[in-house]
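Here is what TrEMBL records for this protein:
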| type | residues | note |
| --- | --- | --- |
| ACT_SITE | GLU74 | active site, proton donor/acceptor |
| ACT_SITE | CYS106 | active site, acyl-thioester intermediate |
| ACT_SITE | HIS237 | active site, proton donor/acceptor |
| BINDING | TYR140, LYS246, ASN280 | (3S)-3-hydroxy-3-methylglutaryl-CoA binding site |
| DOMAIN | 3-160 | domain 'Hydroxymethylglutaryl-coenzyme A synthase N-terminal' |
| DOMAIN | 166-252 | domain 'Hydroxymethylglutaryl-coenzyme A synthase C-terminal' |
| DOMAIN | 263-362 | domain 'Hydroxymethylglutaryl-coenzyme A synthase C-terminal' |
Amino acid sequence: MGVAVPDTYVELADLAMARGVAPGKYVDGLGVTRMGVPLVDEDTVTLAARAARMALESAHCSPDDIGLLVVGTETAVDHSKPVASYVQGLLGLSTRCRIFETKHACYGGTAALQMALDWVRSGSAKGRKALIVCSDIARYGVGTPGEPTQGAGAVAMLVSDHPALVVLEAGKTGVYSKDVMDFWRPLYSKDALVDGHYSVECYLAALEGAYRAYQEAAGDAGGEGAYSDRFAALVYHVPYGKMSRKAHRHLRTLDGDAAPDASFDRLVGHSLVMPSQVGNIYTGSMYLALASLLSSAPEDLTGKRVGLFSYGSGSCAEFFSGVVQDGAQARVKALGLEARLARRRALSIPEYEDVMRAREHLDERPAADAAGSGFRYQGTRDHKRIYAT
Ligand code: CAA
């Protein structure tokens, strides 16, 4: 696994004060402390490439071992050329690699992951690995209710028949999909549009449908106690921390738990440590929460089952599960994600608003002459995006 977040962020308490809102509404009411805000040399491609490089390095995996690269995103940089092709170029992946991009709001990365699992299980991988990257920059209009639920980041995952972190369980998955208009981004808009409170209802309805479908697929629904106590942890899609709390309350109520909040800290709390520092990263959000769980849970999760709920507006959702492998927590800790988050620089609100304005024209920005390094977006030349390697 690899994770990339912008080097800069906005403190939600500062944003609340600038918007004339009580800081408690954003920090406690939404459950977000900071949100990642990328500067103009960062885009969906650079975040994806940085996360992918970390995943390859951490697994000591050669680019030639990758036979499938899929980038799930809802904030792509081109209507035709996939983010995945840029990532292939930046990472130097083999030409014998199937490469494309998937889209279904925040579910796009999970769609890619599930397909990669089938590719590995079918034998088509022939010993090679799939590289799945979820990369997005969440953007709502300045001053809108969605503004405090922005964020940016990417999570990359290697999928193989010898998983080092989590064995995703074959057949144990439940899907729910329904055509709804809860969150969308028209082709002419940089900002997402959302029917906020309705989107929360859609999320919860999808959770219920996917969870019921999972129970039917996995069996054992009539056993003793709350069904979700079969999981050592539950990782929900996290547009903002409070949504995970609402999700957990709903799921435990479905389980017949008369005190549905009582298990929240135990089953969900550790997955929210990093999301509360980064904000919504759309496709990667649930996987950042998984990284957070593996990195910060004090107990040994080896051999224990984790429930995962992915939700994409529009909508498609999936509840699935995996078993944590020996050494997984140490491997994720070794990525040093907390230290990376601590090294970021805070933007003042005027700086953030300048960045938001500048990002509106990023796609037409002339490429800077100065050569940078480390997967940075430099602008465009002859309508082609230029990246520093
Ligand atoms: N101190 C503490 N808490 C406070 C407070 C204060 N001073 N003032 C208000 N609050 C609480 C409220 O009680 C509320 O809590 P509950 O939800 O538990 O009741 C919380 O703060 C938020 O207050 P509001 O509901 O009044 O906030 P809002 O209407 O301004 O906006 C929102 C909330 C609808 C989530 C908005 O931020 C939004 O539209 N966000 C984007 C959409 C989104 O993330 N939807 C999630 C489901 S869809 C999805 O998951 C896909 C995706 O990634 C987008």
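Cβ atoms are placed via backbone N, Cα and C, with glycine included.
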Widest Cα pair spacing in Å over the listed (3S)-3-hydroxy-3-methylglutaryl-CoA contacts TYR140, LYS246, ASN280 is 22
May I have the DSSP-based helix, strand and coil counts for the residues of the domain 'Hydroxymethylglutaryl-coenzyme A synthase C-terminal' (263-362)?
-> 51 helix, 20 strand, 29 coil
Those recorded positions among GLU74, CYS106, LYS246, ASN280 lining ligand 1, judged by a Cβ under 6 Å from any of its atoms, are CYS106, ASN280
To the nearest whole angstrom, what is the C-alpha distance linking GLU74 (active site, proton donor/acceptor) and HIS237 (active site, proton donor/acceptor)?
-> 15
Relative to the Cα of CYS106 (active site, acyl-thioester intermediate), which of the recorded positions TYR140, HIS237, LYS246 have a Cα no more than 10 Å away?
-> HIS237
